[in-house]
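Over in Swiss-Prot, the protein carries these features:
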type: ACT_SITE; residues: K207; note: active site, proton acceptor
type: BINDING; residues: S30, F31, R51, K124, A156, R271, E297; note: NADPH binding site
type: BINDING; residues: K124, G152, K207, D260, S270, R271, N272; note: sn-glycerol 3-phosphate binding site
Amino acid sequence: MAEFKFTDLVEPVAVDKKTALRITVLGGGSFGTAMANLAARNGCDTMIWIRDAETAEEINKTHINKRYLPDFTLESSLRAVSDLEQAVCDRDIILVAIPSHSFRDVLKQIAPYITAQAVVSLTKGVEAKTFSFMSDIIREELPEVPYGVLSGPNLAKEIMAGMPSGTVIASDSELVRYAVQHALHSALFRVFGSDDVHGVELGGALKNIYAVAMGIGAAYKIGENTKSMILTRALAEMSRFAVKQGANPLTFLGLSGVGDLFATCNSPLSRNYQIGYALGSGKTLEQASKELGQTAEGINTIVQVRGKAQELDVYMPITNALYEVIFEGAPPLNIALSLMKNGHRSDVEFVLPHHEV
């Protein structure tokens, strides 16, 4: 029997070059490349900006991103460039897939060329020291532009393989939401809308913490009961923290919350899961990071969120235990102990507050 592929069910997209959206993705990592490829497949006039000119030239010649997605052929219409001005001038939407530590610097560089373009973050993380989320940085560096954030359970290799997936575009602007949906929505990739920018962004950033925890647990061969407890208590931590930040806790019931948390915590494809597994296998953070060869946002997020949680007095035992394991030399089993302490608490505290237990 021939192997079934979802892509076999999909009709080719009819392209109208006169009305095609002009999309640029900044960042040539796995997720940025996957989104650029989706936009190109949907008939958008699509560029991807990559710092290294040789890599950009290689992608244009081979239509393969050999470093991040070596097993997939990219759309022939997708153009890679290394010149920032060329990448962002006269475009409709700029999708920014830059690691959080470089996000602000890249926005500063493109600021002189931004006129009416919408800027949408694809980055899941927080800026070190400032505790700024990517939407905060967009507002600070490009105060006049319409903006949004894209987040969801989006493992790049699955998207490239044509497996049905979904994501969330969050923006205060209905026009931005519609434009991003138009650019990326397809028969195999569904794009939902939200106006809770901070909630969607928090879900995407915070879940990286718990993917590290699940990776460590996998190295210890934890059972299904324990995995379920990590997932649900992680969701409780995320919701508590989000409320303190002004987000709607109900947002965490959607794709950008529990959906992203489930996918990232259960997939060996996740960078944060991989680095957790390496740590649980006895490697140091330096060794694990070197082996991975890509940025794992969860490590920085653990540091930033732990500090903010202490400042805001938010109860986050898993996050605190992870910090102690990674940075203070505590045994990894401390994470399991963090799930079991502090006695009688309610399961869903927005339904039954702790003081009523």
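Just so you know, glycine gets a Cβ as well, placed from its N, Cα and C.
Cβ neighbours of S270 (sn-glycerol 3-phosphate binding site) (same chain, under 8 Å, six or more residues apart in sequence): L155, A211, G215, A263, T264. Its own atom aside, the Cβ of A156 (NADPH binding site) has 22 Cβ atoms within 10 angstroms in the protein chains shown. The Cβ neighbour count for D260 (sn-glycerol 3-phosphate binding site), using a 10 Å radius and every protein chain shown, is 28. Once Cβ contacts within 10 Å are tallied over all protein chains shown, the binding-site residues S30, N272 are led by N272. Cα distances from F31 (NADPH binding site) to the recorded positions G152, K207, D260, N272 are smallest for G152. If you take the Cα of A156 (NADPH binding site) and the Cα of the residue listed as 'active site, proton acceptor', they are about 16 angstrom apart, rounded to a whole number. A distance of 15 Å separates the Cα atom of G152 (sn-glycerol 3-phosphate binding site) from that of R271 (NADPH binding site). G152 (sn-glycerol 3-phosphate binding site) is surrounded by 24 other CB atoms, counting those within 10 A of its CB over all protein chains shown. For the binding site of NADPH, formed by S30, F31, R51, K124, A156, R271, E297 according to the record, the largest Cα to Cα distance is 22 Å, rounded to a whole number. Maximum C-alpha to C-alpha distance over the listed sn-glycerol 3-phosphate-binding residues K124, G152, K207, D260, S270, R271, N272 is 15 Å. You'll find the Cα of E297 (NADPH binding site) roughly 7 Å from the Cα of N272 (sn-glycerol 3-phosphate binding site).
Neighbour density for K124 (NADPH binding site): within 10 A of its CB lie 30 other CB atoms from the protein chains shown. In terms of Cα distance, the recorded positions that sit within 10 Å of K124 (NADPH binding site) are K207, chosen from K207, D260, N272.
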